[in-house]
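Just below is one structure, and these are the notes that go with it.
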């Protein structure tokens, strides 16, 4: 059985990966994996309009990469990136979205706008470094995701969930799709949605042994269903 990681294990594993790979390389593979998982569950023919919600950390970077790949797969992504990270890696990812002519919005969509304008929300707001409560700046966005009927695909962690314990009283939305990256986190044991995929086909054998990950065989795929 695949190992589900604690928050401290996930952080330590990430640090080990950063010693072996450039963070941009890992982000590219993670974001592409997310796009593949979306395509498996929500085809562009039925869910073309995707709101990609990006947070200020690595999870948001994964979202920017995913938006770019979704645009190449026939989707019509729109990026909402309320707190951009002022580092060259993230600025480059943002510029790449601009070059792909991916539109962005400056304000958090209202509940009615989200349900009228989008067929899917990609939640790349908070990652496994998150600790409750949700920052005040992001409360309206999380509230919209809690109340919307638009299906949500969450990247690694449903935003606002405790990384180990799962749903919190102030954030209890259930995504339709959870895309765990590298290895699932403990909160994924509480996931009750329809689709759970694992992406991140880049963990060297030594790290798989060190953390006893027992990862599935990806074969030629970028993601596997759990």
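Glycine residues also receive a Cβ, built from the backbone N, Cα and C atoms like all the rest.
Annotated features, as they stand in Swiss-Prot:
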type    : residues                                                   : note
BINDING : 58, 59, 60, 61, 62, 127, 128, 129, 130, 131, 132, 133, 156 : (6S)-NADPHX binding site
BINDING : 59, 123, 159                                               : K(+) binding site
DOMAIN  : 10-215                                                     : domain 'YjeF N-terminal'
Set of same-chain residues at least 6 away whose C-beta sits under 8 angstroms from residue 58 ((6S)-NADPHX binding site): 23, 27, 127
128, 130 as binding-site residues, winner by CB count within 10 A: 128
Intrachain C-beta neighbours of residue 156 ((6S)-NADPHX binding site), sequence separation six or more, cut-off 8 angstroms: 59, 62, 127, 128, 179, 180, 181, 185
Of 62, 123 (the binding-site residues), the residue whose Cβ has the fewest other Cβ atoms within 10 Å: 123
Of the binding-site residues listed as 60, 130, 132, the one whose CA lies nearest the CA of residue 123 (K(+) binding site): 60
Cβ-Cβ neighbours of residue 132 ((6S)-NADPHX binding site) (radius 10 Å): 14
